[in-house]
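I have placed the structure first, in the form of structure tokens, so that the comments after it can refer back to it.
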Amino acid sequence: MQPDHRPLTPDCLEAMLQLEQAAHPVPWSRQLLAGCFSERYFSGSLWRGQTLLGFYIADQVLDESTLMNICVTPPCQGQGLGRQLLARYVESAAARHISQLWLEVRESNQAAQRLYLSAGFVEQGRRKAYYRSAQGREDAVIMQKVL
Ligand SMILES: CC(C)(COP(=O)(O)OP(=O)(O)OC[C@H]1O[C@@H](n2cnc3c(N)ncnc32)[C@H](O)[C@@H]1OP(=O)(O)O)[C@@H](O)C(=O)NCCC(=O)NCCS
């Protein structure tokens, strides 16, 4: 059964929080997630029935967007859902007349970097020792895609 794409709404918050905590080593708080329903943000999500499988959250400032969060529930990772979500993000951004997409990813997050590279993002720079990590600090890799 193909998952359904739906926009995120405040009713999704509990499911988002659970997925966020399962998928990310340093998850966003409930408050941070709840802040992403304002005008400045747009989002998408994948569901199977009542189960949230993945979501993305992005912001828009003029003709630029930053992908703030993308995650897939761990039992469903590696099945193409992250790629589907990212493709939806790019489509939604294009429909909003956005011309540049930006994101930041941990240097150690090779799975996400491969996904972004295969979707046409390119590395544009690094923020040195930006993230806390188990080893101390690690770089943020800054990636961009021009639409
Ligand atoms: C990153 C994430 C969203 C990818 O979603 P996914 O559904 O697992 O990825 P997909 O199955 O769509 O795979 C798409 C591509 O990503 C890359 N990829 C995914 N998992 C990978 C892994 N474990 N190792 C290496 N590359 C991987 C591959 O390039 C893959 O393409 P391929 O299958 O043709 O080789 C997901 O792993 C996730 O939620 N991770 C935790 C949260 C996170 O790190 N978010 C990104 C923060 S910047």
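Just so you know, glycine gets a Cβ as well, placed from its N, Cα and C.
The domain 'N-acetyltransferase' feature in TrEMBL is assigned to 3-147. On the 0 to 100 pLDDT scale, the domain 'N-acetyltransferase' (3-147) averages 96 in this prediction.
Classification of GLU104 (active site, proton acceptor) by DSSP places it within a strand. In sequence order, ARG127, TYR130, ALA140, VAL141, ILE142, MET143 constitute the residues six or more apart from GLU104 (active site, proton acceptor) in its chain with CB-CB distances below 8 Å. Under the heading active site, proton acceptor, TrEMBL lists GLU104.
The acetyl-CoA binding site annotation in TrEMBL covers ASN109. Mapped onto three states, the DSSP output places ASN109 (acetyl-CoA binding site) in coil. For ASN109 (acetyl-CoA binding site), no same-chain residue 6+ apart in sequence has a C-beta under 8 angstroms from its C-beta.
Taken from TrEMBL, the feature active site, proton donor applies to TYR116. Within its own chain, TYR116 (active site, proton donor) has LEU86, LEU103, VAL105, MET143, LYS145 as residues 6 or more apart in sequence whose C-beta sits under 8 angstroms from its own. According to DSSP, TYR116 (active site, proton donor) is assigned to a helical segment.
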Contacting recorded positions, sequence order - GLU104, ASN109, TYR116 vs ligand 1, Cβ under 6 Å: ASN109
